[in-house]
Amino acid sequence: MATQTRTTGGAPAPGGSSFSLSDPTVRAVVYQVLVVGAVVLVGWFLISNTLDNLARRSIATGYSFLEREAAFGIGEHVIDYSPKDSYGRAFLVGVLNTLKVSIIGVILATIIGTLIGVARLSSNWLIAKLASTYVEIVRNIPPLLQLFFWYALVSDGLPPVRSALNPIPGVFLSQRGLFVPAPSADPVWTMMGIAFLVAVVAAYVLRRWAKARQARTGQIFPVGWTALGLMIGLPLIAYVAGGAPTALDMPTLKGFNFVGGMVLSPEFFAILMGLTIYTAAFIAEVVRSGIIAVNWGQTEAARALGIPSGPTLRLVILPQALRVIVPPLTSQYLNLTKNSSLALAIGYPDLVSIANTTLNQTGQAIEGVTMIMGTYLSISLSISIFMNWYNKRIALVER
Amino acid sequence: MTDNVQSVGLPDERPPANTVGPIAWLRNNLFNTWYNAILTVLVLALLGSAIPPFVDWLFINAHGLDASSAVCRKDNSGACWGFIGEKLRFILFGTFPYEQQWRPLLTIVIFITLLVASCDRRFWKPWLGLVWIAGFLSVAVLMWGGVLGLTPVENTLWGGLPLTLILSVIGLAVAFPAAILLALGRRSNMPAVKVLCVTYIELIRGVPLISLLFMASVMLPLFLPNGVSIDKLLRAQIAFIMFAAAYMAEAIRGGLQAIPKGQYEAADGLGLSYWQKMLKIILPQALAIAIPPLVNTFISFFKDTSLVIIIGLYDLLGAGKAALSDPSWRGFYREAYLFVGVIYWIFCFSMSKYSQKLERDLNRSHRR
């Protein structure tokens, strides 16, 4: 901190042009030049070696390979994909698969983690002990082992496709995953989605209006119930208005697998289950410490003011607890996203697994690894930025 | 006046039965409200339906360590510990030559002794470092062999628990000094040094460990001059060191930030140089504060070594999974993963308990 502060005693006279290593300012410059020089030197050494090696193996650098035909199939894709598509599109499929499992995982882990964190503080001894047993077991076992276990449970523990379990008509459970009937394609589903988005926007506007009115007149408007009503009601109206289609797309056995309906693949199930259960244990600890951090006196004060227990939790405890919870929660979300790369080990086609296939086929090792790293860095950065924005919003406003 | 003062004490009454004893405990902890009572009953019912079958599977119907897979397949109502009985040495020691397996066993013992000894704060003396160096040297001799009449063993044959311990403990030991430098660099006020350190730390922390392992396994060979090659184990070790250094640097930075400014100013006031100030005043205090987070980093690092399976090394988890690929033992994944999981769990759980205890102890000494 004070390396550059000039000591008055034996320092050279100010303005003197003497170049002395005992002058901290000069020393700092020398050190930095040395460090940067060393880094540049090592970097140059590595790059020149790499170029040399690439030339020797006649591998062309650059990203032009992304436009070539990928010629490998991907089991799960959010967007249309066929082996005739390019490597670039295959990679995009991988990114979307990573995002899909991360987003669903974050939502589920937050819900389960919060429940378990609260359960650990329960006054019910049994519940509290059960929750802490869960946390202590799950977070001390490598996530990869948990993934393997869930995957083996599905792929080894369930019957093959031919003798699939059929608990309810139309629902099939086998090694290839869980097949359920899906509603047939219909424009109504898009309309319902739009109606839901409209309801969300309406709820947001309503909340602002209700807050402003409460500040003006003191009257409280039941925002929560109205918003819930809107979010269920509007899509329902859209559904009825669209003719209430009931046609279902049933999964049927064709050849070696089921066709039609919706499928929950064993790979997706294993990675989602593993990530959710593992991260939930950490989120539970974050939530628990956040709640503990809020002084008990706050609850007592709210009670003394006659605030009911619901609003006490919502308006007194949570805003203070969230301030403690959000930063470590952010790093848990980041961990979950990064851990989704373990998908490679069980064959879920996430971005690492697709980049791995690509670099094995094309030999473009450097490009493949930089694409993986670049994508994760941008995902990490976006989550950090969003959570920092949210954190700032809920941070204590000091006067 | 003294009439109404009773001079003889009444015999002690027992407290009301509903305020002490097991019944009161039940009332206070399990049935204190109506919803807690419902929850208790539900949880008890759930446990009652889940635990007995599990115990049956684990012990009662289980086949012993000498059971063959044919016996287990005939009656699959219980666990087949014959799998562990046959594969124990493979899971623990990997493909290390069979008659030489006392060497990895001794390696495990050395590592565990060192770790346990280092937990005792009485041993936190400079000579502990020398003991660790001696430990590493003996592990190297034991695993590689080639001297003292030990037959040499290629490191491609290493596996199981020793590999997990080598990757994590050596990774940590090498990364530690680097992490201190990175943490100091991040708090330095030399802009070039600071930017370099921040970039490195954030870059590593922003990407998953798998991508680093990939980098080490496919890019590192390209980085080296033609003709120079390093083996798979060393490449993985390098990736782990790079990874651990960044995470540990953040733990140490937390310790550095907790040191009051007065300590820095006092050191400057005494006219100490930067390194004197850091080595004699700041780091001893900062590292003591950083030990619990460092132990936590080590725990997650220990779990993360299981990822080497992806680049084809057989650590504890990898060996467990490889044991399952034996056709005659295919399908006994519950036994395999339970066994391996318990080993990981014992290591991680004891370390996390130790870290919690340490945190309490250190807090006590910091309290005034």
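Don't overthink the numbers, they just go from 1 along the chain as shown.
Just so it is clear, glycine is given a Cβ too, placed from its N, Cα and C backbone atoms.
In TrEMBL, annotation is done automatically, which means it is predicted and not curated.
What TrEMBL records for A:95-387 is domain 'ABC transmembrane type-1'.
The transmembrane segment annotation in TrEMBL covers A:28-47 (among others).
Look at TrEMBL and you will find A:90-116 (among others) tagged as transmembrane segment.
The transmembrane segment annotation in TrEMBL covers A:188-206 (among others). Tertiary proximity for the transmembrane segment (A:188-206) is limited to same-chain residues at least six positions away from its ends with a CB under 8 Å from its CB atoms, namely 221, 223, 226-227, 230-231, 233-235, 237-239, 241-245.
What TrEMBL records for A:227-248 (among others) is transmembrane segment.
Taken from TrEMBL, the feature transmembrane segment covers A:268-287 (among others). For the transmembrane segment (A:268-287), the residues of the chain that approach it from at least six positions outside its boundaries are 76, 101, 104-106, 108-110, 112-114, 116-120, 131, 134-135, 138-139, 143, 146-147, 149-151, 153-154, 177-178, 321, 325, 328-329, 332, 335-336, 339-340, 342-343, 346, 348, 350, judged by C-beta separation under 8 angstroms.
The transmembrane segment annotation in TrEMBL covers A:369-390 (among others). Listed by sequence, the residues of this chain that lie at least six past the ends of the transmembrane segment (A:369-390) yet keep a Cβ under 8 A from its Cβ atoms are 91, 95, 98-99, 102, 326-327, 329-330, 333-334, 337-338, 341, 351-352, 355, 359.
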Sequence-distant contacts of the transmembrane segment (A:227-248), meaning Cβ under 8 Å and at least 6 residues beyond its ends, amount to 170, 181-184, 186-188, 191-196, 198-200, 202-203, 206-207
